[in-house]
Amino acid sequence: MDYLPLFARLNNRAVLLVGGGDIALRKARLLLDAGANLTVVAPSLHEELTELLVGHTYIPSRFTAAYLNDQMLVIAATDDEEVNAEVAAAADAANIWVNVVDDPDRSSFIFPSIIDRSPIMVAVSSGGKAPVLVRMLRERLEALLPKHLGALANLSGEWRNQIKQKLGDITSRRRFWEKAFASPQLATLLETEQHDSAEQWMADQLQADDYAGGEIVLVGAGPGDAGLLTLKGLQQIQQAEVVLYDQLVSPEVLNLVRRDAERISVGKKAGHHSVPQHEINELLLSHARAGKRVVRLKGGDPFMFGRGAEELQAARAEGIPFSVVPGITAAAGATAYAGIPLTHRDSAQSAVFITGHCKQDGEEPDWAALAASNQTLVIYMGLIGSPAITERLIAHGRRPETPVALIERGTTVRQRVLRGTLQELPELAKDAHSPSLIVIGEVAALADTLSWFGGDTASGKEHLINLA
């Protein structure tokens, strides 16, 4: 870290600005907005700067070191490099922080790009290395941060003591503020400057006093790429106090979990349940009973070939509140990253998702229906069962030459796509690792031309496409 970000209180503090032109004008606006007691030294002044300095000090002179006396900060904002260098040297000798505009090497501090939602302030800097990138980031942040953010912060400051007195424990207070800060109704009241109504909203919410109970939120983490996590999913994992996660949740998604949340790996993976389901249920319930906000984080979509419904049924039986945040399932995410459309006007009018890992005493699927030629068949957790799947599909009429694709670790930098035909599927599966998705149908051949993520896809077991 080349610079330590700091916020300086300049109200009524002495600040010296050397320069009187356009460059100095821009800095003067910032310093005056911060309440500085400004002294400007320059042979002449920009007309607008003259107006700004009413109530402040202007010295019509060239800079000398004597003007540094009693100053907290110094800004050199001239277009004369020699003068700027002289100011920097004198300030360094006097042990006063100095900024030379557009010259970080001579500066002991620099001005960041500022997004002002006072009292909320956001500062962005590249240390002078990438000013265009900083400008782009500032524009994005300006669009992202609502204009009422400052009013929201001021309102929270006004209510802080009342909330602390009413809600005795820190968990209840945090939940109150999270609800307030996420409320569309409160946001609308502040955006439209209905301050009395905003105050009443706060009073009503505080009176409700429902912030102590636990809850369970079932969140789909998506297929691997952290960019595919939904916005609501991100919000939930950043508000969680306890997170129970599967092996299929990528490290990149786990890195987005709130830092002080308790993380518990329950290790679920096809055929390998390191924590039995009844123990997972009890972990969820016990933490929720203790008043915690618990997130059950599952790979893909939580209701797609997982046991999310069973977990929520356990919560319902205990009377524990719950909610669900859907995620992008592997059938949608992995196929898209492999360049395989699930449906196509010419060859696939439907798509069917099945699991290759069923209960041992479960009924056989309808293989005749699954072998239909005008549909895409997507199989989750099908590596181990691929020989039996291949045999049954061919026996029920699916062509042995039907294109197939096996997508390993879809949407991640370690994605591999193995291409072949249905009759080659068992051999392809021998070279694949979990998690993998099997796609059977004419659309699988389109990966040859529609592949976009990391490289081209080739056919045949001998061509393992590593997209890392």
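Placement of Cβ uses the backbone N, Cα and C atoms for every residue, glycine included.
Features reported for this protein in Swiss-Prot:
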ACT_SITE  K268  active site, proton donor
BINDING   D22, I23, P43, S44  NAD(+) binding site
BINDING   P223, G299, G300, D301, T329, A330, M381, G410  S-adenosyl-L-methionine binding site
MOD_RES   S126  phosphoserine
REGION    1-202  region 'Precorrin-2 dehydrogenase /sirohydrochlorin ferrochelatase'
REGION    214-468  region 'Uroporphyrinogen-III C-methyltransferase'
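Annotated features, which come from Swiss-Prot, shown on the structure.
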residue : record                               : Cβ contacts under 8 Å, 6 or more apart
I23     : NAD(+) binding site                  : A77, T78, D79, V101
P43     : NAD(+) binding site                  : G20, P60, S61, R62
S44     : NAD(+) binding site                  : G20, P60
P223    : S-adenosyl-L-methionine binding site : G299, G300, I328, T329, A330, A332, G333, A334, G410, T411
D301    : S-adenosyl-L-methionine binding site : G220, P326, G327, I328, T329
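Taking Cβ-Cβ distances under 8 Å and a sequence separation of 6 or more, the neighbours of D22 (NAD(+) binding site) in its chain are H46.
Each of G19, G20, G21, A24, A42, L45, H46, L49, T78, D79 belongs to the same chain as D22, I23, P43, S44, is absent from that list, and has a C-beta within 8 angstroms of the C-beta centroid marking the NAD(+) site. Once Cβ contacts within 10 Å are tallied over all protein chains shown, the recorded positions S126, T329 are led by T329. When secondary structure is read from DSSP and collapsed to three states, G300 (S-adenosyl-L-methionine binding site) falls in the strand class. Residues P223, G299, G300, D301, T329, A330, M381, G410 make up the record's S-adenosyl-L-methionine site, and a Cβ search at 8 Å around their centroid adds G222, L248, M304, G327, I328, A331, G333, A334, Y380, P435, L437 from the same chain. For the pair formed by M381 (S-adenosyl-L-methionine binding site) and the residue listed as 'phosphoserine', distance between Cα atoms is given as 46 Å, rounded to the nearest Å. Once the Cα atoms of P223, G299, G300, D301, T329, A330, M381, G410, the listed binders of S-adenosyl-L-methionine, are compared pairwise, the greatest separation found is 14 Å. Least crowded of the binding-site residues (A330, M381), judged by neighbouring Cβ atoms within 10 Å of its own Cβ: M381. Neighbours of G410 (S-adenosyl-L-methionine binding site), defined as other CB atoms within 10 A of its CB across all chains, total 27. For the binding-site residues G299, G300, the largest tally of other C-beta atoms within 10 A is found at G300.
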